[in-house]
Amino acid sequence: MTELKLIHIFTDGSCLGNPGPGGYGIVMNYKGHTKEMSDGFALTTNNRMELLAPIVALEALKEPCKVILTSDSQYMRQGITTWIHGWKKKGWMTSNRTPVKNVDLWKRLDKAAQLHHIDWRWVKGHAGHAENERCDQLARAAAEASPTQIDEGYQADS
């Protein structure tokens, strides 16, 4: 069996107004090579962008990989490592029996994560972590670029 490639992924989401124009930023490192990705949406939320960033990064991988995925979003990290198990058992309902917010993205993240061996890590935002700061710059620039793309899953109450 061949050993899986080790990819370091850093992600961040940004939203101006929350809801408002938003964007995500991604930095991917593999064997000294760096790839950056970002995109923006006309109307979305910070949490949706924090979820979309790792989705896009994981979906960009062309084969199963060992991934160290670092984000400053406790919402995303706690959701994918802890809360999601209960949500799935309860038919995507919370412990309060209300529908899980951003369920379209949670399902997509869950599916993308199944293909890889992921170590989900958290880093404090705006604390000088170089890759996280770069992701923040990419996400903010995407949000500030007057994006017109529609976030199809965004609902005003999410």
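Even glycines carry a Cβ here, placed using N, Cα and C.
Per Swiss-Prot, the features are:
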type: BINDING; residues: Asp12, Asp136; note: Mg(2+) 2 binding site
type: BINDING; residues: Asp12, Glu50, Asp72; note: Mg(2+) 1 binding site
type: DOMAIN; residues: 3-144; note: domain 'RNase H type-1'
Fewest-neighbour residue among binding-site residues, criterion Cβ within 10 Å, set Asp12, Glu50, Asp136: Asp136
Distance, Glu50 (Mg(2+) 1 binding site) to Asp12 (Mg(2+) 2 binding site) (CA atoms, angstrom): 6
Asp136 (Mg(2+) 2 binding site) versus Asp72 (Mg(2+) 1 binding site) - Cα distance in angstrom: 10
Coarse DSSP state, helix versus strand versus coil, of Asp72 (Mg(2+) 1 binding site): coil
Cβ atoms near Asp72 (Mg(2+) 1 binding site) (within 10 Å, other residues, all chains): 22
